[in-house]
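Chemist: Just passing along the structure, written as structure tokens.
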Amino acid sequence: MGLSDGEWQLVLNAWGKVEADIPGHGQEVLIRLFKGHPETLEKFDKFKHLKSEDEMKASEDLKKHGATVLTALGNILKKKGNHEAELKPLAQSHATKHKISVQFLEFISEAIIQVIQSKHPGDFGGDAQAAMGKALELFRNDMAAKYKELGFQG
């Protein structure tokens, strides 16, 4: 399920828009994730106390974590599928320490696409959305394979 060179170019063009404001995009992705799937908030001891969107928007820690998440994902996307070195430590921590299920990775993938679409509608049309969806699916599938190697049934 690889992506063509053209699809990777669409993904990386869209990601360039994200990188122009990683903290802002990351914060919005996490807020959208937590609002759409409140059960995901329980995985974040640091953010469990944030009950309203206003509290989430005011949290510098949430903004920082959003930036961390999107920076790591950006480093993976830039490898165009050749992301073994970047993926291994991420899968290790998410399987053994954080216990983040593949389903939660699907939820955050949806949030990422929704945020890019809402912030950059003119630059993130149907083809770019489909390409990003494929890239994030590749990421999730590879995370799931690593989880399996680690004995995590997430």
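Glycine too: its Cβ is placed from the backbone N, Cα and C atoms.
What Swiss-Prot lists as nitrite binding site is H65. Summarising the annotation, Swiss-Prot assigns O2 binding site to H65. Residues or ranges marked as heme b binding site in Swiss-Prot: H94. Residues annotated as domain 'Globin' in Swiss-Prot, with sequence analysis given as evidence: 2-148. According to Swiss-Prot, the phosphoserine annotation covers S4. The phosphothreonine annotation in Swiss-Prot covers T68 and is backed by similarity to another entry.
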Chemist: Do you know offhand how many angstrom separate H65 (nitrite binding site) and S4 (phosphoserine) by C-alpha?
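Modeler: The separation of the Cα atoms works out to 31 Å.
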Chemist: Just to verify a number: CA distance, T68 (phosphothreonine) to H94 (heme b binding site), in angstrom, no decimals.
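Modeler: The Cα atom of T68 (phosphothreonine) is 14 Å away from the Cα atom of H94 (heme b binding site).
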Chemist: Give the residue counts of the domain 'Globin' (2-148) per reduced DSSP state, in the order helix, strand, coil.
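Modeler: Per-class counts: 118 helix, 0 strand, 29 coil.
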Chemist: Let me know the most crowded of the binding-site residues, choosing from H65, H94 and counting other Cβ atoms within 10 Å.
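Modeler: The residue with the most neighbouring Cβ atoms within 10 Å is H94.
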Chemist: Looking only at S4, T68, which of these modified residues has the biggest number of Cβ atoms within 10 Å around its Cβ?
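Modeler: By the 10 Å Cβ neighbour count, T68 comes out on top.
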Chemist: Measuring Cα to Cα, tell me the gap between S4 (phosphoserine) and the residue listed as 'heme b binding site' in whole angstrom.
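Modeler: About 28 Å separate the Cα atoms of these two residues.
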